[in-house]
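Annotated signal peptide per Swiss-Prot: 1-17, in sequence order. Taken from Swiss-Prot, the feature NAD(+) binding site covers 34-58, Asp83, Lys180. Residues or ranges marked as substrate binding site by Swiss-Prot on the basis of similarity to another entry: Ser164. If you look up Swiss-Prot, you'll see Tyr176 marked as active site, proton acceptor, on the strength of a curator's inference.
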Amino acid sequence: MLFWVLGLLILCGFLWTRKGKLKIEDITDKYIFITGCDSGFGNLAARTFDKKGFHVIAACLTESGSTALKAETSERLRTVLLDVTDPENVKRTAQWVKNQVGEKGLWGLINNAGVPGVLAPTDWLTLEDYREPIEVNLFGLISVTLNMLPLVKKAQGRVINVSSVGGRLAIVGGGYTPSKYAVEGFNDSLRRDMKAFGVHVSCIEPGLFKTNLADPVKVIEKKLAIWEQLSPDIKQQYGEGYIEKSLDKLKGNKSYVNMDLSPVVECMDHALTSLFPKTHYAAGKDAKIFWIPLSHMPAALQDFLLLKQKAELANPKAV
C-alpha cells in the first residue's frame, strides 16, 4: 500500500512539474506593457522580453530613463513617459497603447512601478509620509490596471502585479508595507473577477533585492532627515545612537540581499508565457526559505524573529 501511495505522489509531482513547463507557442505577435522601467526589475524585464521577441511597451518616469533603455534595446521596443499617480497621464497612455496594439489587444500588463517611501518607526511619521508609497504602489497600480484592462481582456492575456514579501509580513514601519498588503488584496479580487474572461492574474513577491528601491544609503538619509524634526521626548526614547545602530543592523543583513535581479524577471516570464501560470510567485532565496514560510507562522514567532532585527531603544519608558 505504501508503495502505491509513494508512486502516486511521484506521478503527481511529475505531472505538476510538467504542467508548469508548458508554454504558449508564439510570442512575436504579442504586446506587453511594463511600468517602472527606468531601473531595477522593470528595466531588466523590458530588455529581457525585447530580446525574447515580445513587442514591449516600456513606461518610464524620466526622459533619461527612456533614452537609456531605447539605446540598449531593439527598434521594436517602444517607450512612454508615465507618472502612475497622474490620472490624466494614465488615461492618455492607455489610449496611446490602444492605438499601438490595435485589434490584438494587450497580452501582458506588468505593474512594476513602486517606491519605498520613508522606512522608519511608526511614531516618527506623519500621514504625508504614508501618502507617497500608497499613491504610487497602490492607487497608481489600480489606475493603470483599470485603464489597461479592456485591452488585456481583448487578448485574454495576463496581469502581473509586483508586490513584495512586505505584502505578507510587516517588516518595516512606513507606508510601503500597507501599500503592498493592499496590492495583495487587489490582486486576489482581480484574479477572481477576471477568471471568467480568460485573463490570468499573478502576484510576484520578491524578497530583498539590491535595487534603487532598497538603497540603504537613501533609507538612512531619510531617517536622518526625519530624526532632526522629532520631538525631544521621542529622541530621548530612541536615543541619539539609534540610527547608527539601525545602520549596523542593515549591514548585518547584507547576506539576505539578492544581488541578481533575474529571479524576479524569470517569475514574470513564467507568468507571461506558461499555459498554466501560478497565482503567486516567491522571488529570491530569502523569500522562499525565510520570509514566505515565516508569514504562515504564529504571530508570536514572527514578532520574536523580526524584533531581533531592530535596534534597541535607549529608554522606551521615557514617555
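Here the Cβ of each residue, glycine as well, is placed from N, Cα and C on the backbone.
On a Cα basis, Ser164 (substrate binding site) lies 25 Å away from Phe54 (NAD(+) binding site). Separating the Cα atoms of Tyr176 (active site, proton acceptor) and Ala46 (NAD(+) binding site) is a whole-number distance of 24 Å. Looking at Ala46 (NAD(+) binding site) and the residue listed as 'substrate binding site', their Cα atoms lie 20 Å from each other. Annotation note: Ile34 (NAD(+) binding site) sits in a strand segment as assigned by DSSP. Ranked by CA distance from Ser164 (substrate binding site), the binding-site residues Ile34, Gly42, Asp50 have Gly42 at the top as the closest.
Neighbour counts of Cβ atoms within 10 Å were taken for the binding-site residues Ile34, Ala46, Ala58; the minimum is at Ile34. Other Cβ atoms within 10 Å of the Cβ of Phe54 (NAD(+) binding site), summed over all protein chains shown, number 25.
In the three-state DSSP scheme, Ala58 (NAD(+) binding site) falls into the strand class.
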